[in-house]
Amino acid sequence: MGPLGTEFEVSGVEAQGGEEFEEDPILYVNGRKHFLPKDQAHSTLLEYIRGLGLTGTKLGCGEGGCGACTVMVSHFDSSQQSIVHRAVNACLAPLYSVEGMHVVTVEGIGDRRNGLHPVQEALATCHGSQCGFCTPGFVMSMYALLRSSKGAPSKAEIEEALAGNLCRCTGYRPILDAFRVFAKTDPAPYIDESLVANNGTPSSKGTQTICPSTGKPCDCRSNSLPNSDKENDTSVSESVVHGTHEGSDTQCDSKHELKVTQSPRGEPIFPHELRRRKILPLSLTGHRDLKWFRPTALDDLLELKSRFPHAKLVNGNTEIGIEMRFKSLNYLVLISSTHVSELNTIKETDTGLEIGASVTLTSFMEALRNSLTRRKSHETSVSSAFLEQLKWFAGSQIRNVASIGGNICTASPISDLNPLWIASGATFSILGKGRKCRSVKAEDFFKGYRKTALEAGEILSSVFLPWSKEFEYIKEFKQAHRRDDDIALVNAAMRVSLNPKDEGWEVLEASLVYGGVGPTCIVARKTEEFLKGKRWDSSTLEAAFPLISHDVGLVDNAPGGMVEFRKSLTSSFFFKFYLHVMYTLEQEANYLHNLPESYRSAVAAFHREMPHGVQVYGVPDSDVSSVGQPLMHMAARLQVTGEAEYVDDVPVPGNVLHGYLVLSTRAHARILSVDTREAEAQPGYEGFFSAKDVPGGNDWGAVVPDEEIFASEIVTCVGQIIGIVVADTHLNAKAAALKVVVEYEELPSVLSIEDAIESRSFHESFHGGKGGTKRELEMGDVDECFASGKCDEVIEGVVRMGGQEHFYLEPNSALVWTADGGNEVQMLASTQAPQKHQKVVAHALGLPMNKVVCKTKRIGGGFGGKETRSTAVNAAAAVPAYLLNRPVKLTLDREIDMIVTGQRHAFLGKYKVGFTKEGKVLALDLELFNNGGNTLDLSHSILERSMFHSDNVYVIPNMRVRGKVCKTNLPSNTAFRGFGGPQGMLIAENWMERVARTLGRAPEEIRESNLQGEGYEVHYGQIVENCNVQKVWDELKRSCDFERRKADVRTFNEQHRWKKRGVAMVPTKFGISFTTKMLNQAGALVQVYTDGTVLVTHGGVEMGQGLHTKMAQIAASAFGISFSSVFISDTSTDKVPNASPTAASASSDMYGGAVLDACEQIKARIKPIAEKMPGASFAEVVLAAYLQRIDLSAHGFYITPDIGFEWDVGKGKPFNYYTFGAAFAEAEIDTLSGDSHLRRVDIVMDLGSPINPAIDVGQVEGAFVQGLGWVALEELKWGDAAHPWIRPGHLFTRGPGTYKIPTCNDIPVDFRVTLLKDVPNPKAVHSSKAVGEPPFFLAAAALFAIKDAILAARKENDLNGWFILDTPATPERIRLACADQFTKPHAAHDVRPNLSV
């Protein structure tokens, strides 16, 4: 070891004891010691542990926003003599930040061979894992919570611990149900490491226990030590956890037993070496001369900062990591301050809290909670404000590592905490070299956009937070797109100090600070000055509002947009603060105010119980057959242990190259030149490949070849692939790709549907007909109906709806290699359409399809996004793999995936509807436009399905629907769950609701009066058969007790001015089949082995929807064998050729039919043998058949019968059958902020006789929550006329930081799903029905419940009747639609906020 001063001159080192650098940095992973390399300062913990082969920890986003990378990090706190366990985002944690610590990954707590941990078993048993990509992150978040809890965690703590984890498949309810058992069970059996050390038997000698690390008596677990560590280990060989599981053949709360088989080796225990090990400073290096220092003494830190004044101090890396990864900022020196004790202390004094700058947000929250119990109540107003704000600050993984100082010094204008520091009168202590100290008030610290008062060489050392004084009140405010783990759109902190005077209250001092409305925090100084000396009453309140507007001064077209909304929030927040103070004075000083009782709920803190649900479905009386049983997903145990492999997890050969795409940065331009000279100079560079290098054809397309693998001359969108760089590592490939310089000549661009309509920019038809992509369907005589006077009312309007990002948790990934000397090409692809990949790659390489094989084991979510757009990813990787004859791996970063692969289509619909005064719809004239993007892809078929579904489930005697696909300079939009159907139905529900409001009737009455029935002929000529929509509707009304809940909502709204509730019921009818007839075919290969086991291979892809599980159930049922005797192999083009994409919700029908066909063939062959062997087992019969040379392999085939549609005549039968459903939703909104949540949702589905009801319920819940994102949360923002602050054609929302999908906090509090019983479907295998897409649209019930609540708010201001609410119904749209005195100065009551369409 070398002394600290040998690397650089540092004064005072000897005075600190002459500490030396650590020469052998170490890290324990799952109980195993690893010596860290000394040149990996650029690496993250995730990269390191995945490099060890521990691929259960996933890379989902790279910015700490999805939780897929969650691990538990443990360290020994010598000051407290305890072990601290934390959930951490491994994708952000620098490798050296965990030096000397213990990391536990999902593989470390249990596995399939040796036994699952109770957390893993619970999640698998409760159907909480579908695609499985996010599953290890959820497991580790829950596991870390149990390890860090001193007792059983509360339900609220469980939900809070999971707030930083995203799931796109399940809808969260089964995950929360699975983990709820741990809130009901004492976790001691799972967290006592001494049990593990002694094979499950408590072991002690006197006051000593058996050390979990050495197995010898010790006192390391002495009760005298504060917060003594209790390792969270399952210790008994078989334990039982009891919990409530609602779901069986009847509505029930039946107890279930969760049996846990514990691994004989136990869980990794905190290494004893790390308790004793002395923490030494680190001086290490990284990529491109990066230096990493970890001083352990304050003077050494100050000396380093003096020597490297531009060095960045790092604690959690939650900001610096984002800047380096996504903003390509190159910091040469990083200094970790995590081990400097002076910066990690919290001192409580009589005047306030002194918090070290390196204290984590989690530790700060603990100190604040402690203050609530130790200090006088009036002193802790500031504590409560900070705690409430921190509750919604990121996820627990971020709070566990992010520091107070880091958050402050980032100087973000949308920081949730900086307004509170300023308003509370906090003081910042700043240190320079030699411990030269100065103090700065928080309000003087922030000098501009991300600029502070820190001078070169200085650091923020601590923050002093004063206690509140008597009659001093401080309150926090924040509004974001999403409640959990989201950055603020606008936030604020307000403080007022009052003095009783003349039976009222005089303002002594006031502080109003806003964030999100300027380049730095805005202090409303004129308002503050005005308030001083004023009486705290309504007249002062009213006089303050215009001053606030003047102080904030948000300009039009300000970055971030939403100007009207943000302005209105500044007033709404102050009004809330006024009410908060008044009601607090009422409680604390018995002050009699004159506020209406209906105002009280405006200031109530948001609180809701942990979401729960009821699932009602039928189960066959006999358990002889696997079909109909609610069996666990067959890969669930692999997924909860992290053993399930995805493309990025597959071990690669040593000569593998990594690819990184070079993308267009212009919406429409001519490529003038591509300069790779700088890229070629980068380390590890192996080549750049573009259009000129493609050995075969560079053209491709989903239906017509209107795309290029690599753009050759013209780019038609931002994100179009120009080329691919390959290098020895992903990091080097990315660095080189960013050095490729492309020069352009700009061309005019079309960036929206409106632009396309104006410029007549439409895609050409792939049907070869005239008129481009224009389509028309007509029934009856629309024009005659409107002209005849039969219609008592006629309405016209325009519906706009934005797109939606798929946000599958697994980014697109490909691994391509050559075989047999380059004569063959094989690839692993994250795709829903292996055959499409095979075809396009073969074409690109100039090879016949029989020499190209594409395999897919499973994918981490698809939802249509990996049906066609993933093809370009594989083709791009295949070119260098083939030419260099080396394997190439290409895994897209999340932001690249979102930029490149397209989204759900935005739609614009123009309608004209005629109806009677009784509410009967007589005529509809509808014109549809979808935003296809720069290429056709599947946009034409999506338009067609939207036209098919534009009646939803209503009788419309006279109907005309026309549609066109708009050609724009945005990335090609593509398939997404519902495939255009939801857009068509949502337009229908918009005008249907308007019909009801026009007539002054309840929308549910009008919907029900227009429902289709058995034998109805729809506008495209198909007859509705087996129509159960009325039965579904009636069951829903009964189960949700609609009339009572509607009356309760009415009562609530009468009693609450600023909170409103609404209800809605919405039906759906979804056609099942590919609308392109040739795709309705499927093949399967079934092979029976002599031990009686069965291997099934089919053309469908498992992406979380349980397809493999259902196919195994069908095979097991056909042969009369156990489910466990059937195995599903990967999907491969060399096993089942020419497979259609796994899409259109038809895969279970088609592949189920093919599997059953193959099984029946084999059964017919062995039947003579079986008849001669009564009582023999299947294995015995099979062996006998083999001995008689009977073929035990069969290829099954299925085609969907009796379907077809002719667009030339506009009539036919495009669908095999319909899936029906209906949903009820009750929503509550905060009219002052636009916040909303669902109190209850009931769904009733007609799914025939389900093959697996548990999987189907999971699909229903997951589809609904994904649909909820579409209608209420997820907004794509493009650089277009609506968003001039974004570069033209660029996507602003390209990661979890800016694009918000639902979290577990967004799902309905009470979530109920019923599968209609006794409704067998004669059109599909085992009388089942398709389920993947049909429930998605039912989230529209949430939209119209929100709209019903807004209507109640508008009535308070005499705004009655119908109004426009575009989707998604974000807080901005909700708030402005409420149209009250706070929005009136900034926006009209009928304003339509900007939307990218």
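Don't overthink the numbers, they just go from 1 along the chain as shown.
Using N, Cα and C of the backbone, Cβ positions are placed for all residues, glycine too.
Here TrEMBL flags E1333 as active site, proton acceptor. Among the features that TrEMBL reports, [2Fe-2S] cluster 1 binding site is placed at C61, C66, C69, C91. The feature [2Fe-2S] cluster 2 binding site is assigned by TrEMBL to C131, C134, C167, C169. The FAD binding site annotation in TrEMBL covers 313-320, F393, 403-407, D416, L460, K478. What TrEMBL records for Q832, F863, R977, A1144 is Mo-molybdopterin binding site. Per TrEMBL, the feature substrate binding site maps to E867, R945, F979, T1075. Taken from TrEMBL, the feature compositional bias 'Basic and acidic residues' applies to 243-259. Residues or ranges marked as domain '2Fe-2S ferredoxin-type' by TrEMBL: 23-109. Positions annotated as domain 'FAD-binding PCMH-type' by TrEMBL: 285-470. Per TrEMBL, the feature region 'Disordered' maps to 222-268.
The binding-site residues near C134 ([2Fe-2S] cluster 2 binding site), taking a 10 angstroms Cα-Cα threshold over the set C61, C66, C69, C91, are C66, C69. Note on proximity: among G316, R945, A1144, the binding-site residues of the record, the Cα nearest C91 ([2Fe-2S] cluster 1 binding site) is that of G316. Listed binding-site residues: G316, G406; maximum Cβ neighbour count within 10 Å falls on G316. All chains included, 24 other C-beta atoms sit within 10 angstroms of the C-beta of R945 (substrate binding site). Here the domain '2Fe-2S ferredoxin-type' (23-109) has, by DSSP, the following mix of helix, strand and coil residues: 14 helix, 29 strand, 44 coil. Residues near Q832 (Mo-molybdopterin binding site) in space but far in sequence (CB under 8 A, at least 6 apart, same chain), listed by position: I859, G862, G864, K866, E867, S870, V1101, M1103, P1141, T1142, A1143. Within 8 Å of the centroid of the Cβ atoms of C61, C66, C69, C91, where the record puts [2Fe-2S] cluster 1, the same chain has further Cβ atoms from L46, K58, L59, G60, G62, E63, G64, G65, G67, A68, N89, L92, G137, R894, P1296. On the backbone, the CA of R977 (Mo-molybdopterin binding site) and the CA of T1075 (substrate binding site) stand 15 Å apart.
Annotation for L460 (FAD binding site): spatial neighbours A357, G405, I408, C409, F428, S429, I430, L454, criterion Cβ-Cβ under 8 Å with sequence separation of six or more. Long-range Cβ neighbours of F979 (substrate binding site) (same chain, at least 6 residues apart, Cβ-Cβ under 8 Å): G864, L938, S941, I942, R945, A1143, A1144, E1333.
The Cβ of E319 has fewer other Cβ atoms within 10 Å than any other of the binding-site residues E319, E867. When Cα-Cα distances from C61 ([2Fe-2S] cluster 1 binding site) are compared across the binding-site residues L313, E319, S403, G406, F863, the shortest belongs to E319. Within 10 Å of the C-beta of A1144 (Mo-molybdopterin binding site) we count 27 further C-beta atoms, all protein chains included. Fewest Cβ neighbours within 10 Å among the binding-site residues C66, C69, C167, L313: that distinction goes to L313. With a cut-off of 8 Å between CB atoms and residues at least 6 apart in sequence, the same chain places N315, G316, S337, A357, S358, V359, T360, L361 near S403 (FAD binding site), listed in sequence order.
With respect to E319 (FAD binding site), the closest of these binding-site residues in Cα terms is C66, chosen from C66, C131, C169.
There are 29 other Cβ atoms within 10 Å of the Cβ belonging to C131 ([2Fe-2S] cluster 2 binding site). Compute the center of the Cβ atoms of E867, R945, F979, T1075, which mark the site for substrate; besides them, the chain residues with Cβ within 8 Å of that center are G864, L938, S941, I942, E944, A975, G980, G981, F1074, A1143, A1144. Each of the binding-site residues C61, C91, C134, C169 was scored by the number of other CB atoms within 10 A of its CB, and the lowest score belongs to C61.
Across the residues annotated as binding Mo-molybdopterin (Q832, F863, R977, A1144), the widest Cα-Cα separation comes to 13 Å. Neighbour list (F863 (Mo-molybdopterin binding site), Cβ cut-off 8 Å, at least 6 residues apart, same chain): R168, H806, Y808, F976, R977, Q1266. Checking Cα-Cα distances from C167 ([2Fe-2S] cluster 2 binding site) against the binding-site residues (C66, C69, L313, G406, T1075) with a 10 Å cut-off leaves C66, in sequence order.
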